[in-house]
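A short write-up of the structure that comes next.
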Amino acid sequence: MDLIICVVGLLALIVEGIRCQGVYAPPTVRIIHSGHACNVEEERHTERVYTIREGETLELTCLVTGHPRPQIRWTKTAGSVSDRFQDSSVFNETLHIAKILRTQGGRYYCKAENGLGSPAIKSIRVDVYYLDDPVVTVHQSIGEAKEQFYYERTVFLRCVANSNPPVRYSWHRGREILTQGSDKGVEIYEPFFTQQGETKILKLKNLRPQDYANYSCIASVRNVCGIPDRSVIFRLTNKTASPSIKLLVEDPIVVNPGQTVSLVCITTGGEPPPLLTWVSTNDSLPQRSVVKGGTLTLPAITSDEAGVYSCVASNNVGNPAKKSTTIVVRALKKGRFWITPDPYHNDDNIQIGREVKISCQVEATPPEELTFSWLKNGRALRSSERMVITQTDPDISPGTTNLDIIDLKFTDFGTYTCVAALKGGGIPEISIDVNISSTTVPPLFFSFLVPPSLTVPRGKSPLVAREGDTVELECLVSGKPKPIILWSRSDKEVPMPDGNMQMESYDGVLRIVNVSREMTGSYRCQTSQYNGFNVKPREAVVELIVQYPPTVEPVYMEKRQGLGRPVVMTCKVLRAHPSRVLRFEWLLSNRLLHAGAFDAQRDETEYTIRSLNRDGWGEYTCNVINEAGAGKCTFQVTGKAYPPEFYYDTYNPLWQNRPRVYGFKLQWTQMNPGAVDRIVAYRLGIRQMGLQRWWEQEIPVDGQINKGELMTHNLTELIKPESYEVRLTPITRFGEGDSTIRIVTYSAPINPHLREFHCSFEEEPICMFTQDKNDDFDWTRHSAATRDTKYTPNTGPSGDRSGSKQGFYMYIETSRPRKEGDQARLVSPFFNVAPKNPYGITNPPAYCFGFFYHMYGKHIGTLNAFLKQKGQSASEAPVWSLSGNQGNHWKQAKVSVHPTSSFQVVLEGVRGSGIEGDIAIDDVTLEEGECRDPPPDLRTKAASTSSHIWLLSITLVMTLLEGQR
């Protein structure tokens, strides 16, 4: 007995857990399609393919269920490795791409997640169809004449067109269709794959007079997606020849900046006449360039526009002809000098009686036009035994000249000037001055140039600063001339504060504004060899230490709690420098609550409110303080309720009981209802979209709300067809909580609170039935009084289902141009499924679908009825089908359907073998419940989830009892 009690208790807990879960459910997802699809292959295994023509509109909608409302994200994975994953995420239910491109084909994924269970993911592959104009190229066999296509030469015509799906080619000579074997002098290669894609080659062996003709290549994708065939014509004559060209310019062309350059290219041969284009090594032609025929003009050319320019001629015969020339723009820049002490003595000092070398370097374009001259005190200096002027080998040090002073004397003091120029002129000269002078002359030697030295001032390393300060790292530099200082991080991979790897300083000081903790480390100062001694660089290191306040978490946290309950707040230290934290303090709205020394053994401090009262609501601050400042944790303690969660999976939420107004069933759950005080009411706000005024009312709440409990409020008197913005706000003793907003949109109601649907097609809207866009022809609405039976008197009805000649019905007209097998499909509006269980569909409900049909004529084809559920294509097999002549009278059909989601019914008429095959329908009905006498194989039975649970429970109890015996 005790065992039975335990089992019953366990089952009670299971049922209670299910009840507490309420309507919360993990997401499910389904992709439906609209837009301009050519064809959609529904799921076969896991593959769905959506075919669309390039330039049309792609529209995919992700239908989701689940509560709370799942977040939706669309992503795309492309087919090529180089474009494997694109950042093309769309956070919306509908993915809309207008004028889709071929590169946008690939697999699209819809991902839905709401924090419950695993995310739901569905995918569909989008195949973009296209066909480009074909291109015909002509080639001779290797080694034969290239000037013209003489007699007894073999010629190949290749036709290529980019397409999806693969293209089929056909060749015509004039009006004659060429096929393999139709002409002994013609050979056609079957399609094969090359780097250019699929191609087809026409081989003309030993050219004959009749081979000189117009050749047409027709590319076809068999009219898929309505893509028409494309063709190209090539005229082959005895003058057909590959292109040849000539450039009427020099190579290279050397010009000064600012000049206008014109490049002229002319054709010297080729039939058909070649097309001339210009290309550049700089990826594209300059923006200001002008191309007119074969002439390329570059106005006011700059150094950036220098490079190789090529003229290309193409006429699709043989290989394109290409001629190139190089444009060189004169330039002089970046002049610098350096002094090298006597290379034969291991001494950095420059002394009287020893050798000194002054080197001067510039960057010149073109380098062969570069010339140097030297001046002393403004007068020309010529090379001599003591003053040797040389020019360095361009391969070793391009653009460099040297002045070697042998046996330095006092009379050599003065200003030496290095002058660089280009022979062509038009470019300003560059001159560099080097001053060698003295104020004192020692008796034995004169050290008038002092090598550099670097030192760090006392007390400047390590340098301690606080985060946010401006700091100056200093290296004292001496030397004559005074060198530039280069600063860098000792860790060579770490950049300087400005992002560069090096920074220059003329006074030896590195100034850093708003220093941060990441800048802590070693900094190297180093002398530069720019315009100074050619001696070993000097360097020194400065250590920088940046102190910063404690980094704490959480920086901000909201704590929601009801009155009379405890609240615990914890502030944790992550890092600080110096790491020793001195003290902490807790405040409520700047009022000190608690302070003390920080425990070195712990990295956090805690404050507890044992029983929250109204005075305890507010902003709490914890300051953790060290020598560099304070880190702050902020806690907002509030009794504000969490926002409600609108329920979007309500079945039949919209109804209409009067012509101009409609109602909406608003449902929601409450997020974390037990986190704060009991919710006593909801404030409902509603306003019509486009208007400013809100209408508000309070919805009282009796008792405690459970987690997952579904609440309902009916919105009435909504004006058709307006949309409304609805705002819902929970109210507690604290006041108003967080609000949630949703949009209520009017849509034509689907069997709203109706026991049956009936359509007799008497009105022009035909009860919201629509013609399928992917069939061959349409159903026609007609009455016997207006229908012309002159040409087909032996088919079709003589009145509607009631016998009235004025009544209307729908029928398919099978006269020409209709052909056997053509299909016409009529699609009903959507019908919602009304489940008995408010939490989902367990037993699929039954509906009785009925209609009257008239199938009279010796050429009658087939009438089919399909069930199409939302997001899916019509069922592969019809739920009802009938073929052949059924006599000249109306008959009724009924069939039971068992949809699991919103659905449509599709009536399909298939044309028979002749014109006497008109099929008509009338009085379409849909009623809840099974048909009174449905076919036995259409009945379905499914036990509900709760039935399964209790059956399992009873079985478990009986098994345990059996074990007790």
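Backbone N, Cα and C define each Cβ position, glycine as well.
Listed features, source TrEMBL:
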SIGNAL    1-20  signal peptide
DOMAIN    27-127  domain 'Ig-like'
DOMAIN    134-220  domain 'Ig-like'
DOMAIN    243-328  domain 'Ig-like'
DOMAIN    341-437  domain 'Ig-like'
DOMAIN    452-543  domain 'Ig-like'
DOMAIN    550-638  domain 'Ig-like'
DOMAIN    757-933  domain 'MAM'
REGION    787-806  region 'Disordered'
Within the domain 'Ig-like' (452-543), residues counted as helix, strand or coil by DSSP: 3 helix, 43 strand, 46 coil
Helix, strand and coil residues within the domain 'Ig-like' (550-638) as assigned by DSSP: 3 helix, 58 strand, 28 coil
Secondary structure content, the domain 'Ig-like' (243-328) (per DSSP, counts of residues): 3 helix, 49 strand, 34 coil
Helix, strand and coil totals (DSSP H, G, I; E, B; other) for the domain 'Ig-like' (341-437): 6 helix, 47 strand, 44 coil
PLDDT averaged over every residue in the domain 'MAM' (757-933): 84
